[in-house]
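I have placed the structure first, in the form of structure tokens, so that the comments after it can refer back to it.
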């Protein structure tokens, strides 16, 4: 039976909100490891925003850190603007990811966050979350796990760009994306790229032409099937090997 206070919150939000207790990707997000009482406390501080449309921004570089954003659905890209005025993509965030961690140190966002497709996010006031985590060890631990995961991702990206050639970079990108989809309960073998080839090239330090040529090469070798933005992994062992991994896509 659904507790009365949760029903009231649903009525107040128009009956369309998905709360932490019911969210399908909560195991990837802040609620993981929290008990029911802790979940209720967290739920009370979260604002469920209306859908964010493609091209809209969650925050801009230089904005004061007021909230973190947990992605419920869709894809958000983070990027900075170089001194030359060029966009440099620093990450692609999927459902279950938390966006805005990199602003905690200075109190201001060093990057932009923009929706690549219609997305749903939970807005979490940072000061309130920080205060709550001081009272809830499980919440504090989970925040540290999420931040650790982001640091590890940054380290992997540095290694990717410094050690791998163009083929290996793209293979690693597709392989890692498939693993992330699998963690979220989606097919790791068949998926749609929400980012453009230009975005992928920008992120990997490659040209659009190189991305297109490599995708064609991967398809010709039987490793992938490519149809527009849709990718099917035909030979997961070959992809994993080229990406520098030995485990199968599962």
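Numbering starts at 1 and runs along the chain as it is shown here.
The backbone N, Cα and C atoms fix where each Cβ goes, glycine too.
The feature region 'Activating region 1C', as given by Swiss-Prot for the ranges 170-180, 181-191, 192-202, sits at 181-191. Of all ranges given (116-121, 134-139, 164-169), Swiss-Prot attaches the label region 'Activating region 1B' to 116-121. According to its DSSP assignment, residue 122 ([4Fe-4S] cluster binding site) is in a strand. When pLDDT values are averaged over the region 'Activating region 2A' (47-50), the model yields 81. Within the chain, the region 'Activating region 1B' (116-121) has long-range Cβ neighbours (under 8 A, six or more residues past its boundaries) at 48-49, 51-54, 58, 69-77, 92, 99, 194-195, 199.
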